[in-house]
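Student: Okay, here's the structure, questions in a sec.
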Amino acid sequence: MHVLIAGAGLGGLTLAQNLRKRGISYEIFERDEHKDARFQGWAIALHTITDELVASMPSDMPDLRQATDHMSPLKIPTQICLYPAESNVRVGWEDCPETPFIRAERYRLRNHLATNIPIQWGKRVQRIEHDDQGVAVYFEDGTGAKGDILVGADGVKSVVRQQLLQKSHDEVLKIIPLAAIVGELKLSGEAFKRQLQLSHGSYSLIDSEKGYLTFCSLHDVAPDGKSARYYWIMSRSDPTIADPDHWLHKATQQEKLDHAREVMSNREPKFREIFDLTPVEGVKKETHIWRDLELSSLPAGRVVLMGDAAHVMTPFRGEGGYNTFIDAMALAKILDRLDKEDKTHDIESIKNSVNEYNAEMLERGVKSVQLSREWVDGSKVNSKKPLLAPMKVIPFSEVPLEVAA
């Protein structure tokens with residue numbers, strides 16, 4: 001069996017590692033020209049399936065936590081906290097034996113997953129061909145590849161999905177009624193320490209009355225442990241966000257920052273500080289429009305979808321990456337079975353196996369898409385059940401800025 005993977009993001013690379021461990025032939029193609037071509041995102045929570053994920057990969061991989069933990073080099077456990085507006089109690093999760101998890105910095109995570117993977121860069125999919133005998137993918141640079149299975153791991157605006165379904169992105173992607181302002185900043189000294197006291201990692205400020213859900217998070221810590229990059233996303237439900245005349249599409253960075261500070265004006269100074277310290281140039285100029293994807297079915301054949309190409313969702317429940325990793329591990333098992341049973345050229349066996357994968361993947365993915373969409377409404381977020389585990393009260397404690405050896 002020879003597997004073609006379009007997309008060297010978290011999902012495509014995880015699948016490649018799973019295939020590498022099983023000795024299954026593969027090629028992986030990425031549209032970016034190199035690994036630093038574009039921003040990879042901030043941080044992602046790895047939880048509940050971390051042990052399974054590590055076990056699914058070859059033994060020559062570096063330690064996942066050491067390679068990706070966004071708290072490194074600080075010797076404190078990461079936390080995910082929530083602060084309801086009507087309460088002074090902090091609830092959430094802390095990395096511990098009862099609720100183990102990693103907040104992985106996404107650039108480090110992608111590099112980790114790329115260990116010993118020969119990524120072919122600058123390969124933007126132009127078109128695909130598939131029939132009962134095999135698959136072929138052709139790229140904008142004039143090259144192409146042929147194989148037995150093509151996996152579309154090429155993200156939200158998947159060309160593989162578009163070609164497989166013969167539907168445009170606008171036909172299948174739903175605009176999320178979510179207006180958001182995003183800011184970034186660097187903190188050091190006492191300001192850094194005060195943020196760590198609010199959470200060793202990330203925290204959400206829930207304002208049920210105003211309908212705002214604001215997520216603040218550490219991105220990564222400097223090598224000396226004395227400063228860190230932070231980011232925040234202030235969002236609320238807004239069905240008019242796609243209107244080109246929406247005020248956010250025309251607002252200056254200063255106007256967006258002023259709005260965020262006004263929304264936070266009734267909160268305690270410790271919660272206002274991260275917004276007060278955000279420089280104007282740290283506010284994102286563009287207004288991001290989130291989209292999600294619910295597919296009721298997919299064709300079963302030699303072209304398979306996974307990750308955001310199959311079930312993109314909002315980031316607020318932390319389930320996008322979780323589902324992508326499950327997709328990769330599940331698909332690897334299906335392909336391994338076909339390979340071992342020598343069914344690579346048996347189209348009926350391939351259809352049955354891909355049907356099995358699609359059914360489970362879509363049911364799980366659609367459920368997460370729907371639950372993630374509900375979190376958009378800040379007035380309802382208090383009633384939502386998280387994936388990781390029941391939230392617990394997290395008491396406050398002093399934060400020693402001790403750096404690991």
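Note: Cβ is positioned from N, Cα and C throughout, glycine not excepted.
Sharing the feature lines straight out of Swiss-Prot:
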- Glu30, Ala45, Arg106, Asp308, Gly321: FAD binding site (BINDING)
Student: Starting from the Cβ of Glu30 (FAD binding site), draw a 10 Å sphere and report how many other Cβ atoms land inside it.
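Tutor: Taking every protein chain into account, the count is 24.
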Student: Give the residue from the binding-site residues Ala45, Arg106, Asp308 that has the most other Cβ atoms within 10 Å of its Cβ, counting over every protein chain displayed.
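Tutor: It comes out as Asp308.
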Student: In DSSP terms, helix, strand or coil for Asp308 (FAD binding site)?
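Tutor: Going by the DSSP assignment, Asp308 (FAD binding site) falls within a helical segment, counted as helix.
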Student: Once near-sequence residues are set aside, which residues in the chain of Gly321 (FAD binding site), 6 or more away, have Cβ atoms under 8 Å from its Cβ?
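Tutor: Same-chain residues close to Gly321 (FAD binding site) (Cβ under 8 Å, separated by 6 or more) are Leu10, Ile44, Ala45, Leu46.
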Student: Can you check what DSSP calls Ala45 (FAD binding site), collapsed to helix, strand or coil?
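Tutor: Where Ala45 (FAD binding site) sits, the three-state DSSP reduction gives strand.
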Student: For Glu30 (FAD binding site), which DSSP three-state class applies?
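Tutor: Its secondary structure by DSSP: coil.
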